[in-house]
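Supplied in structure tokens, the structure appears directly below.
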């Protein structure tokens, strides 16, 4: 062992002590000059960020493309030719929502698969297959609307495994007091991907053709997949570029999952569904996604029909709220970890503050947007409403790792299953409510979203927790088990007692 280097930061000390490890801090080797100056866990977060950029670009591009696909081609008010796809409002809603019929199916299986085959591998597969289907989307659309819908369903099936699988990555790579920032760095890619996808899709549709939207984003996503497979490893131990200092820090702070100890504990399914903190996460995730998906799929239509912007303006202005949200998500993650690591607030208090505060502000600004008298005011209110959602992601989205790190991918699958329902229901409900393109109809859409945010804030504030649950404890006896023999069930062990079979 190398000589002890400079004293570790308070964050590192706290992270190690929080997990009750008896290792002397002086045993952690000093950092050495490696080939990578950026810590490898942050390099993984950076590539995960770009992965989520691609995921949401592949998901959001259709909301702009469908406007170009279904509108008449006009020049100076003269119709040159009729629309290529004469779909009515309800059919458009079905096309936009079809993605989520596949997406909802693979959330829980994706979480379980991530615990079996590894999060890195599953995340890459999910993005790669979605990218390939995106490339052939123009062929599917021209062949049949039913093939287009089927293609979107399959995209949903493979994107459905991405969110659960990333929590399996963080279970290996993220020290406890860096979970918020690492997870939110990755998740913020969703919003930056939306920021790029909406205006770029509008530009491509107007100047190249709507087909190019799917070709461009599909190729970019496939290039990302190559980088992910080449440079990211399943665990820190298998990364040849990581320094001894960083690997020892991760190993000491995380514990069993970072020490080549595979704890093969059966998921306590009954405990998942009877735990109020787990339900608090699911309700919060549902609430956030209702407003998010409503605006993601319908904001371009709202800006075109009510605010009377052209397609290119719609693309840029629709992206603005997600740019703000992407920035706020990262700020929220760093603030949350700072409040926890410095002892200002408990983890439970931080999660509730971020989540409930964000939802309350989103409710307020959505109602304000519904009554805005000018386009500028409406856009400003919607931007703030979406942006505040970034703080909520420093609450519920990381909360799975607080409650049960070893089951975090499965819990994310559970909450994201519930949170996928808005993507299926919201576009259909919006198309049903907005029949005459009237402002009062859109006000109803915003009222519903605001009410759901408020309900989510109340439930999360009452029942959320940031503490590891007793049913998620790993007994010390399992830590001594060999990988090929460790097996147990925590279903009936509320205090985590038991022995290896």
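Residue 1 is the first one shown; counting continues down the chain.
Glycine is no exception: its Cβ is also placed from the backbone N, Cα and C atoms.
Since this is a predicted model, take the numbers as computed values, not measurements.
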Scan 157-181, 182-206 against TrEMBL and say which stretch is down as transmembrane segment.
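Range annotated as transmembrane segment by TrEMBL: 182-206.
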Could you check which of 247-269, 316-338, 339-361 is flagged in TrEMBL as transmembrane segment?
316-338
For the annotation transmembrane segment in TrEMBL, which listed range does it cover: 12-34, 403-425?
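Per TrEMBL, the stretch marked transmembrane segment is 403-425.
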So, do the transmembrane segment (91-115) and the transmembrane segment (403-425) meet, by the test of 3 or more Cβ pairs under 8 Å (sequence gap 6 or more)?
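Yes, the stretches contact each other.
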What mean pLDDT score does the domain 'Major facilitator superfamily (MFS) profile' (40-468) have in the model?
88
Cβ under 8 Å, sequence separation of at least 6 from the ends of the transmembrane segment (182-206): give me the contacting residues as numbers and ranges.
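For the transmembrane segment (182-206), the sequence-distant neighbours (Cβ-Cβ under 8 Å, at least 6 residues beyond its ends) are 41-42, 45-46, 48-57, 60-61, 63-65, 67-68, 166-167, 170, 173-174, 212-213, 216-217, 296, 300, 311-312, 314-316, 318-320, 322-323, 325-327, 329-330, 332-334, 336, 390, 393-394, 397-398, 401.
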Contact between the transmembrane segment (42-71) and the transmembrane segment (212-232) is defined here as three or more C-beta pairs under 8 Å separated by at least 6 residues; is that satisfied?
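Yes; at least 3 Cβ pairs under 8 Å.
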